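Quick look at what TrEMBL lists:
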type	residues	note
TRANSMEM	36-62	transmembrane segment
TRANSMEM	82-100	transmembrane segment
TRANSMEM	177-201	transmembrane segment
TRANSMEM	213-231	transmembrane segment
TRANSMEM	251-269	transmembrane segment
TRANSMEM	289-308	transmembrane segment
TRANSMEM	320-343	transmembrane segment
TRANSMEM	349-372	transmembrane segment
TRANSMEM	384-406	transmembrane segment
TRANSMEM	412-433	transmembrane segment
Amino acid sequence: MYLRVGRRWGKRLSRAVRYRERNLQRFARSQELVRIAVAVVAGALVGVATAGMSAVVNYLHALSFDLPDGAHLSAYLSINPVRLALIPALGGLAFGALLWHLKKRNLTDIVDPVEANALYGGRLSLRDSTRLTGLTLASNACGASVGMEAAYSQFGAGIFSTLGSAMKLRREDQRSMLTAGAAAAIAAAFNAPLAGAFYGFELVHSSYSYRTFTPVLAACLSSVFVVKYLGYEAPVFVLNGAVETVASYSLFAILGIVAALVGITAMRSATTIEGWLTGAGVPGWSRPAIGGIALSVLAFGCPQILGAGHGAMQLHLDKIPATAPLIVILVCKIIAAALSLGAGFKGGLFSSSLFIGVLLGAVFSQVLVLAVPSMADQKTVLMLAGMAATGAAIVGTPLTMVFLVLETSDNLDIAFATVLSVLVASTFVRLTFGYSFSTWRFHLRGLPLHGAQDIGWVSALTAGRLMRSDFTSVPLEMSLGALRQRIPLGSRKWIFGVTKDGRYGGIIDVAAVHDPEHTEIEQVVIAADMTTTENCYVLPYESISTILKKFEACESEILAVVQSQDCHKIIGSVSEAFCLKRYSQELEQRRSYDLGMK
């Protein structure tokens, strides 16, 4: 008796908890203030995580390369030669073994925030994100020439996506939550809330709306506030002394073109090295070791190439070396970044692109001074503009780079020059190359992505979801007379012909079947003679975009849905009118969200 009573009350309690949970989820979905509050709290958590990861990276660098307290790996020029030779190579070997172990367990394919927003409605695995974060930390500990921003944004996006999934948000709200997580991480990493927010809008979301703006910026401000409170508020670089007024804007347009060419070279180099290693048949587990050995060789002559380059960036802003060493460092940094990514180390090109841009601006200014000595006071401006232009060319976020320079330099006098360089560089890359680094890698993987625009809903609208199962089929050998008796005029507009073994054999127009001109030959003609589009059909998993293309190619108003490519048994039908209607409804729904109507 007591057991039955206990079970009864247990079921009631369980139902009450589920009811309360559903009510909370509905409240969170319908109230924008709740989502903003969640973004603020989660942004603070992302700020703590970003500061913690930054501290861990600095500690691992100090431990691996025996650096003094407070020293940056890329700015320390007196690294122990033994450690310089062993750490990248042995670290690469250990990293390769780790990748081999993960690949055996199918744990190496990780969806990044851009792909998640484009294809999966903002849903991202926190477990996968944590794994990628750990791999990026390990890569940086080895001295690989990659940045931590990939780990920061991945982990931040994973936290926000998990919270959004728990709240069961609508698709667009879920995408906004993921964007806020990635943006908050970048804002905290670079102490630049506006740069972080526009990183989210430009790269992770690929659009802007006022409903997205508030949670994204709230998360960015919250993460930066926490980082400042924890004492990690140091910017990417500090300008010592005043920045001179820009003298000639045409020079910054030229710098933008040069930055675009350098950015394209850097992006192609990474994939070229990866292709060489693959073509040579080098085992995947040994590639990081080979990359580490190559990095050690480069670092003996140019230690600034190790790590992301934040410390070296400040070093060169404080004191610009001669032209020849600058060119050597620039070339070595590009090669090092390409080697690190091509050999399989995990990380991003965000930070590396900033350092490459600073070096490019320094080289450009040094060469310019040789021709026009009066331009000597423009060196710092050219370096900042070069940093922003190269970053925009590689990362594909022009406004992010402009805000990063302005927020960090705290100088609006250089705004126009920076915007001009960024505008020229990003436009040149778009017209000649057509990709940022992230979309370039999607292209190489065969994914049709040019950004984070939501195209996942197109893939979700499949023939299996759009088809009707109340179709009519007749044997292909049925006579026309029997067909007229079985399918009266007006009962159906289209029917399908099938073979003896049930395979699709074509579409039959019922109006043509009842054409009076065929009356005299109705006992001679069979259904097979009346069929059209025998080779036109769709598969259940094909998306609406593919279906609409097939309608156009087949010039038909209806198509059969067959079971599979090998089995042509009809399981349904789709009409062009209904597909166009559903496509328009989905477009209107997304447009309404952007306009704030939903």
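Each residue, glycine too, has its Cβ placed from N, Cα and C.
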Q) Between the transmembrane segment (213-231) and the transmembrane segment (320-343), are there at least three Cβ pairs closer than 8 Å, leaving out pairs fewer than 6 positions apart? A) no
(Q) Given a Cβ distance threshold of under 8 angstroms, which distant residues of the chain, six or more beyond its ends, lie next to the transmembrane segment (384-406)? (A) 186, 190, 192, 194-196, 198-199, 201-203, 236, 243, 252, 255-256, 259-260, 262-264, 266-267, 313, 349-350, 353-362, 364, 412, 414-415, 417-426, 428-429, 435-439
Q) Cβ under 8 Å to the transmembrane segment (412-433), counting only same-chain residues 6 or more beyond its ends: which ones? A) 243, 245-246, 249, 252-253, 255-257, 259-261, 263-264, 267, 381, 384-386, 388-390, 392-393, 396, 398, 401-402, 405-406, 440
Q: May I ask whether the transmembrane segment (251-269) has at least three C-beta pairs under 8 Å with the transmembrane segment (82-100), counting pairs 6 or more apart in sequence?
A: no
(Q) Suppose I define contact as three or more CB-CB distances under 8 A, residues 6 or more apart in sequence; do the transmembrane segment (177-201) and the transmembrane segment (36-62) meet it? (A) yes
**Q.** Among the ranges 36-62, 251-269, 289-308, 349-372, the one whose Cβ pairs under 8 Å to the transmembrane segment (320-343) are most numerous
**A.** 289-308
